[in-house]
Amino acid sequence: MQYNLTRIDPDAPNEQYPVGERETVTDQLLEDQVHKNIYMGKLEDVLRGAVNWGRKNSLWPYNFGLSCCYVEMTTAFTAPHDIARFGAEVIRASPRQADFMVIAGTCFIKMAPIIQRLYEQMLEPKWVISMGSCANSGGMYDIYSVVQGVDKFLPVDVYVPGCPPRPEAFLQGLMLLQESIGQERRPLSWVVGDQGIYRAEMPAQKDLRREQRIAVTNLRSPDEV
């Protein structure tokens, strides 16, 4: 008696003994319970997410203003806007107790060294919002005594346009900063410094909403929006 040995291929079609198609049946309820009660990932990601959640919801702003945009910024601390909803209402009188600075107004060259010194005294990690056209690019003051943008000597995280920006615009910039902080990956120790820090790329809002603005047909005044 002779035998022929052949290798079995489970995926190959078998004309003599046809097999039905294989389908994987999943239990959605079981999968939901597994993902709800069992974490499948790195513990480092959980710890980083918890730290970023605490950082973005407990920003300590430094009470510092330069010009008329500062009036609009302080308006955001009043009851109609209630910046306390975002955990950033505790204004600090000393830069050593703050981790968040808003450059609101015109930055003159004489003020630049003072602002930089205050920034260096702030706690790590720290963030900066440039509020208003003058802080962003010098505004209408294209003269020798005005710095043409605070990003010439400070790292800026969020730019808020306007002359001056409304309090709602400042709150939107604060929310964008919180979103960016939530995606950061940085060492958990403040002693390490800026090395090994990953910040998510933040595209301009005018680019993200370009199609939405073009599609608008009914124009309304700012008071009606």
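Glycine is no exception: its Cβ is also placed from the backbone N, Cα and C atoms.
Taken from Swiss-Prot, the feature [4Fe-4S] cluster binding site covers C68, C69, C134, C163.
Feature map: Swiss-Prot annotations on the structure.
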residue: C68; record: [4Fe-4S] cluster binding site; Cβ neighbours (10 Å): 14
residue: C69; record: [4Fe-4S] cluster binding site; Cβ neighbours (10 Å): 27
residue: C134; record: [4Fe-4S] cluster binding site; Cβ neighbours (10 Å): 28
residue: C163; record: [4Fe-4S] cluster binding site; Cβ neighbours (10 Å): 12
To test your reading of the [4Fe-4S] cluster site: which residues beyond C68, C69, C134, C163, same chain only, put their Cβ within 8 Å of the Cβ centroid of those residues?
S67, E72, A104, G105, T106, M131, G132, S133, A135, G139, G162, P164, P165
In the three-state DSSP scheme, C163 ([4Fe-4S] cluster binding site) belongs to coil
